[in-house]
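The structure under discussion appears below in the form of C-alpha cells.
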C-alpha cells in the first residue's frame, strides 16, 4: 500500500548484513534471560497495597452506646478530615471501639504510608477531645504482611509456658533465615500472678482494696534512685529487694490499722494463666502456640521454604521428647505447586504453538518460528527482572496468554518471505520486502493489541492493582515479538528457508471457491448480512442475562475457612468449648489433612487475599486443610451438617480462599440510617427476604442481639457516710467479678501481671450481685445497701459505616450459583421494601457485587483514552477516515463469541473476563487492519474494487486464520485454570467468532462505506 512505500530504515536488511551481531545479542539475551528467570522472586499472588488502617481505643467501664456516642463518634469525625477517605467502618463494644479506615482506590500505593502518618497526627492532635479515662488510641496499618509460614508447637505434658519458651527460642532462630521479615507468636497464654482475697477477712481487718493494691504496686515497681556524679565516673543508685518469686510477693507487708500482715496471711497467691484467656490456638484439637513468619518484599518463596526446611530439621533434633513442631501453613509449597502448574501450561502452550507452526508453515519456516519463541520469552524475563515483576499467577498467566499472540508477527514475515522467494525473488530482497511491506503495519497492530490491556494499568481499582502486571508483561512480550520478527526472523529465514514451488492456482481449490462464492453472495446481499450480524449481536446481548457473574472465582487450594460466631455476649470460654467441640468432630475424618483452630481471633493473614477478623470473644475460626479439593467440598458439607446438629446456637459458615480481593460473605446487603431502632427493624425485614431466597442457605446479622447488663444507681450520701468513693466501689466490683491488674512482676524477659481478685467461690454471678460485699473501714456492706440495681439489656456491639449506624445482612449460598447473581436477585426482591424506606435510610449492596461494580466503573474510565489512542494509530496508518470507520465497526463483533463461549463453558463474567474482552478488542482491530491493508494493496495494483475486496479476503484468509488459530490453541491450557479460565474463554471464543465474521462482514462494510458495486 502507498503508506508503506515511504522510506523507513529497513531493519531486516540491516540484520542480514550484520548477522554475527544479531546472533551475539540473541545469545546474550538468552543467557541474561536464564539468569533473570532464576533471580525473579516467586510468590502465589502479586503484592498490592492494602489501603486500610485500624484505629482502636479503650474507655474502661463505658457501655457500647456510650463508647459509640462519645469515643467512636469523636474519633470518626477527626478521621473524616483526612483527604481521600473512601469509607470509615467501626464497631463499638463495652469499653472499646475499633475503627477501620479505607482510602480511595485512586490513592497511589507508594503514598499510603504517608496518609497513615497524617492520620496519626490528626488523631493525636485531637486527643484532648476524647473522654477522660480513654486509653489510646492505638494504630495498626500493617495489613499487607502475609504470614505464609505458620508452625504450631504442641506437646502432651507440656504447659503453655513450656511451649512459649521453646517458641521464643525458635522465633530467634527463624530471624537468622534469609528473607524472613517478621516472626510473631500466636495463641500465647500470658502468665499471671493472682492475689485472691476473702471479703470477710478484708472487712474483719478493716482493709481497703485500693490500699492493698497500691501497696503491691509500690513494692513491685522500678523507680529512679538518682546518680552520684564523681570526678572520674558516674555511679547509679539502685534499690534492690523487689519480689523475685511468688513467695516474695506473698511476703509483701500490709499495714492494717496499725498492725502489719504479710500479703500471704490475708490472701492466696497463685501463679497461672490469664483467666479468662485472651486468645487460644489448637492444632488438631491440641493446645498449641503458633509461630507465624512473613517474607521480605521481593523474596523468593521457594528458596525461603528450602531454607526453612533446613532450619526446621535442625530445630527438630533439639526439641525434647514429646514436643512437636507441626507446619500449619506452607506458602512456599503452595507457590511451588502454583508456579509448576503455570509452567506446565506454558510448556503445553509452547508445544501447541510449535506444532501448529510446523504443520502449517512447513519444516524450515517452522524452525524459524521455533527459535523465536524462547528468545522472546527469555527476553521477557529480563524485562520483568528490570521492572521488579515477580513470578506469580498473574505474570505467568500473562506469558501464557501472550504466547499464542507473540508468533503472529513472525508468522506473517516468514510466510511472506517464503512466498516471495518462491516467486523467484532473492533471499535478501525477500526479507527486505517482507519488512518494508509488513513491519510498520504490524507494529501498529501490535501496539493496538497492547493498548487493549491499557485499562488495567490506568484503572485505580484495587483489583486492577492486583492484576496490574498483566499489562507490562503483555506489552513487553508482544513488543519483543515484533522486534524479533523484524530482526532475527528475517536472518533465520535468510539462512534456512529455500524457495519452494507454489501452485499457481493455490486459491482455486474447492475450499476457496466455496469461500469466494460466499463473499459474492454477501456483497450482493449487504443489508441481509448486516441484519444477520446485528441480530446475532442482539441475541448475544439477550443471552448475557443467563451468564453467571462472579467478581473473582474461588481458588483450588485445599483450605476451608470455617467461621464460628456465638451469640453476642458469649464468653470466650463458651466460644472455646464450641470451637473445640467442632474440631473434635472432624479431626479424625479421612478427608482431613490437619485443622488449626483460633479462638477469639482469626488466623494470621497467611494469604494476601484474606482479611483477618478483629478479635472478639464470641468468634472462632477453623482453618481446615483437606487432602484435595474434592475432599474440601466433602468436609464443607459435613461441617455444615455437624454444626446444625451439634451447635444449633452458633452460626457456622464455611468458605474457600478466593482468588482475588476478598469479601467475607457471598451475599451482603447493608441497612443504614440515623436511628438504631429503625435500622434494626429494617435489617430484620431484609433478613426475612434474603432467607426466603431459594439460593441462600444461611443468614447472619452483624449487629442485632442485646446482652444482659446491670445498671447501678449509687447513693452518694451513703458512700460519703461509709468513707467510700465511686472508684473504691468500682474496684471492689471489678475484683469480685473478674479481677484487675494492680502491678507488674518482672521475671527474665517477661512482664507478668499481678491480678487482684476474690477467691473463686466468692466471684459473684449475676444472681448474687445484690449480695456482693463492699469492704469499708467499719466492715463489709452488701452492694444493695449503697446502690439500686436495675437489671436490663443493652447492645453489646454497634456497627457504623461513614458515621451512620449500619447493619450488614450476610448470606451464604448453595452450590452451583454465584454470590453476585444471588445478591442481584435479593436486591431486586427488596425493591418494595426500598420504596417504603423512611427519609435518611438506605439499603445497599455490599461485598463482592459492590467491589465488582466499583472495579468496573474504574475500569471504564481509561477506555475513552484507549479508544482515542487506537483511533489515532489507525488513522496514522490508514490516513483515511472511511477505513477507520470500517475497522472500528468490526470491534463489537467479538462480544458475540464471548457471550456464547461463557455460556458454553459455564464460565462466569467477572473481572478477568472483562479484561479479556478489552484485550480482545485490540486483537480484532489488528486483524481488521491487515485485511483493509490488503484491499488497498490490490487497489494500488489496479484491481477492480469489488474484486479487490473479494481477493483480499481470500488472500488474507490463511494468515488471519493461522494467527487466530495459534492464539486460540495457545490459550487452551488456560481453560483448566480456575483463575484464568474466564479470560481465556473470552479471548478464545470471542476471537474465533470475530475472525470468522470479520472475513465476511468487513468486506461488506467496506463495500457499503466506499459504495463499491457488486461484481
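Cβ coordinates are placed from backbone N, Cα and C, and glycine is handled just like the others.
The structure displayed is predicted, hence computed values, not measured ones.
Your range for transmembrane segment, going by TrEMBL and the list 368-389, 566-587, 588-609, 610-631, is 368-389. TrEMBL assigns the feature transmembrane segment to residues 470-497, out of the candidate ranges 274-301, 302-329, 470-497, 638-665. Per TrEMBL, the stretch carrying the note transmembrane segment among 823-844, 911-932 is 911-932. Between the stretches 226-242, 243-259, 345-361, 498-514, TrEMBL puts its transmembrane segment entry on 345-361. Only pairs six or more apart in sequence are counted, and the transmembrane segment (911-932) with the transmembrane segment (858-877) gives three or more Cβ pairs under 8 Å, enough to call it a contact. A contact links the transmembrane segment (395-417) to the transmembrane segment (345-361), because at least 3 Cβ pairs that are 6 or more residues apart lie under 8 A. The transmembrane segment (368-389) is in contact with the transmembrane segment (345-361), judged by 3+ CB-CB distances under 8 Å for residue pairs 6 or more apart in sequence.
With Cβ pairs under 8 Å as the measure, the transmembrane segment (470-497) is packed most heavily against 438-458, out of 438-458, 953-976, 982-1009. By the Cβ criterion (under 8 Å, sequence separation of 6 or more), the transmembrane segment (858-877) is in contact with the transmembrane segment (438-458), since 3+ such pairs are found. Most Cβ pairs within less than 8 Å of the transmembrane segment (345-361), among stretches 438-458, 518-544, 884-905, 953-976, belong to 953-976. Contact count against the transmembrane segment (884-905) (Cβ pairs under 8 Å) is highest for 518-544, out of 438-458, 518-544, 953-976.
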